[in-house]
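Peer 1: To start, I am sharing the structure in question, which I have written as structure tokens.
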Amino acid sequence: MTVMQSIITILAVALGTMLTRFLPFVVFPDSKNPPQFITYLGTVFPYAVIGLLVAYSLKDFVGTGSHGIPEILAILFITAVHRWKKNMLLSISAGTVLYMFFVQAVF
Amino acid sequence: MKKKAFRAALPYTLPICVAFLFLGMSYGFLMRSKGFSFVYPMCMSLFIYAGSMEFVTVDLLLSAFHPFSAFLLALMVNARYLFYGIPMLKRYKNCGWKKVFLIFGMCDEVFSINCTVNPPEDVDKGWFMLFVTWLGQLYWVSGATLGALLGYVIHFDTKGIEFIMTALFWVMFLNQWEDKKGHLPALVGLGGSFLCLFIFGSQNFMLPAMVLIVLCFTALRGSMIPEVEQ
């Protein structure tokens, strides 16, 4: 590829990505009230989409040799630490360190 | 006002900082190892700003020139953002000029914070969300650029660091769980996503999962609304 072709490819990818981000806001601008069904989805989606993100972030771990055991253990550990201290940064770092220890030294 | 919003936003972005510096560096390093100058990962992380798609683009740049299929591929890989826009319609409302930047920088991690965190009463919400967004993008671009510049010099065992994203999302999930009225939609999202992940596999599960979630919400509309709007 020439430099010009590379730039066009990068712009095409950027355009595709931005279209997915901007489209809902273009279809339902501030000035217009979205249909009731969309407003309803807007109130329930935040809860559901975080679950979707959890699955999305785990997708490449599923089906690896350790059958998801380190992932499940780390998630249980995060849940316990978070219940106990309610400190976001502590829960996240403790869980990640435990997970890294699992995959580097145990499993 | 800005300072207060920045102070409120910063701690939430720290896990993103760690994750993006490491992931960005591995991305920058990958591009350097394929023979690209550091300008490529820098510009791509700035303008595309969608992690998985940037990794895919590395391969696109190394194959034949097909800009339209690159555009379509980006649409498909990032279709989930269509989904994210809906809960954010209300949150990003009345943010004026900030809205363009908020939408432009709405990656998964930034979304998970802007969608679930309500800053304290005395903090301006628009600026709070904008700082979360800008910091996220700053970390990613810095990581990618640093990785391309230093990739050959520094090497350490970071196996498993990707899990920090799962940890972030899971903690956001737990925080939302405190809010009892959201239990049913949260379970629909988590259960439906994992069900589709096991049925369709890691490469193809996002679209079916989103369709399934919308179908469940449509079917359960009567029982979900009183629960959410109590």
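The backbone N, Cα and C atoms fix where each Cβ goes, glycine too.
Sharing the feature lines straight out of TrEMBL:
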type: TRANSMEM; residues: B:12-31; note: transmembrane segment
type: TRANSMEM; residues: B:38-58; note: transmembrane segment
type: TRANSMEM; residues: B:64-83; note: transmembrane segment
type: TRANSMEM; residues: B:127-154; note: transmembrane segment
type: TRANSMEM; residues: B:160-177; note: transmembrane segment
type: TRANSMEM; residues: B:184-200; note: transmembrane segment
type: TRANSMEM; residues: B:206-224; note: transmembrane segment
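Help me see these features in their spatial surroundings.
Peer 2: Non-local neighbours of the transmembrane segment (B:12-31) in the same chain are 38, 40-41, 44-45, 51, 54-55, 58, 109-110, 113, 117, 131-132, 135-136, 139-151, 158, 161-162, 164-165, 167-168; each lies 6+ residues outside the stretch with a CB under 8 Å from one of its CB atoms.
The list of residues near the transmembrane segment (B:38-58) in space but at least 6 beyond its ends in sequence, with Cβ under 8 angstroms from a Cβ of it, reads 23-24, 27-28, 30-32, 70, 73-74, 77-78, 81, 104-105, 107-108, 137, 140-141, 143-145, 147-149.
Sequence-remote contacts of a segment are chain residues at least 6 beyond its ends whose Cβ falls under 8 Å from one of its Cβ atoms, and for the transmembrane segment (B:127-154) they are 1-2, 5-6, 8-10, 12-13, 16-17, 20-29, 31-33, 36-38, 40-42, 44-46, 49, 51, 54, 91-92, 95, 98, 101-102, 105-107, 109-110, 113-114, 117, 119.
Long-range Cβ contacts of the transmembrane segment (B:160-177) within its own chain (Cβ-Cβ under 8 Å, at least 6 residues beyond either end) map to 15-16, 18-19, 22-23, 108-109, 112-113, 116-117, 183, 186, 190.
A Cβ distance under 8 Å defines the sequence-distant neighbours of the transmembrane segment (B:184-200), meaning residues of its chain 6+ beyond its ends; these are 173, 176-177, 206, 208-209, 212-213, 216-217, 220, 223-224, 227-228.
Under 8 Å from some Cβ of the transmembrane segment (B:206-224) lie the Cβ atoms of residues 79-80, 83, 184-185, 188-189, 192-193, 195-197, 199-200, all in the same chain and six or more residues away from its ends.
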